[in-house]
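Positions annotated as active site, thioimidate intermediate by Swiss-Prot, on the basis of sequence analysis: Cys176. Per Swiss-Prot, NADP(+) binding site is recorded for 205-228, and the stated evidence type is sequence analysis.
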Amino acid sequence: MGMEIFDYEDIQLIPNKCVINSRSEADTTVELGGRRFKIPVVPANMATVINDEIAKWLATNDYFYIMHRFAPETRRAFIETMHAAQLYASISVGVKSSEYDFIDDLATNQIVPEYITIDIAHGHADSVIAMIKHIKDVLPDSFVIAGNVATPAAVRDLENAGADATKVGVGPGKACITKVKTGFGTGGWQLAAVRWCAKAARKPIIADGGVRTNGDIAKSIRFGATMVMIGSMLAGHQESPGNILKIDGKTYKQYYGSASETQKGEHKNVEGKQMLVPYRGRLVDTLNEMQEDLQSSISYAGGRDLKAITKCDYVVVKNSIYNGD
């Protein structure tokens with residue numbers, strides 16, 4: 001393949017001369033599908049990360065969100081509720097025949113979500129290409145995000161089919177065991193995969209999975225992501241779905257992968273696991289901290305907005321950024 005292989009922990013970005021007086025001057029906003037959002041972060045469309053209330057709060061506060069698809073019968077009402085509140089609607093769909101019926105029902109009733117994410121584990125598939133074409137045919141005004149993929153060929157195929165953005169990452173997530181169960185994926189080289197795919201992309205890329213620190217958001221931007229999808233770091237909040245558990249005086253919340261037994265309710269083709277994540281307090285505090293850290297990243301990059309990060313030099317420090325800890 002002749003490409004550099006690295007992941008988040010292998011990279012350090014190199015600072016440039018600072019041109020702003022305070023990090024609060026740094027602009028972290030990003031545009032996607034004709035809307036501008038506060039930060040280039042989207043909570044994972046997983047049942048332990050997002051629900052109706054969180055989606056509504058995010059949209060009201062200028063954050064991007066993608067609603068999960070694990071209560072499919074509620075999606076039409078969700079879109080109508082969001083539109084009634086004069087908010088944008090952003091939903092997920094799969095590729096089964098019932099999903100075609102759902103899309104056709106929306107089209108017939110002129111219920112048009114602003115964003116539709118076609119979300120399956122192996123997104124470089126004829127089934128995904130067919131669904132992109134169908135949505136673009138009957139709901140041409142919806143912005144279509146398709147995934148998940150791991151290669152430039154996949155990005156090109158989905159973009160050529162009509163996708164407006166692609167989601168990159170197969171199995172690097174904390175609650176994902178695709179890498180262990182199948183031997184396939186971007187676990188351990190997710191950031192290099194983002195870079196590889198971004199070089200081929202003509203449209204935005206969403207880096208999905210493997211982000212463990214706020215600095216990883218800046219690294220994703222550096223290597224070509226427009227938006228970064230975050231699961232485990234945005235789970236475990238006061239508002240998050242899932243039960244609060246106390247163990248040995250510590251507080252946790254449940255977190256599970258989208259193809260886990262807990263999610264599916266059956267032990268078949270399981271590629272996700274259930275785990276506990278530390279209780280993290282209020283979601284707004286975490287999102288504010290992400291924004292502040294990204295503002296600091298911009299100031300280190302020597303610029304005023306996210307574009308500055310894309311021009312930074314970097315070094316590859318094979319697994320050693322934590323060596324001093």
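Any Cβ shown, glycine's included, is placed from N, Cα and C.
The two recorded residues Ile217 (NADP(+) binding site) and Cys176 (active site, thioimidate intermediate) have their Cα atoms spaced 19 Å from each other.
Distance noted between the C-alpha atoms of Asp208 (NADP(+) binding site) and Cys176 (active site, thioimidate intermediate) is 12 Å. Just so you know, of the binding-site residues Asn214, Ser220, the Cβ with the fewest other Cβ atoms around it within 10 Å is the one at Asn214.
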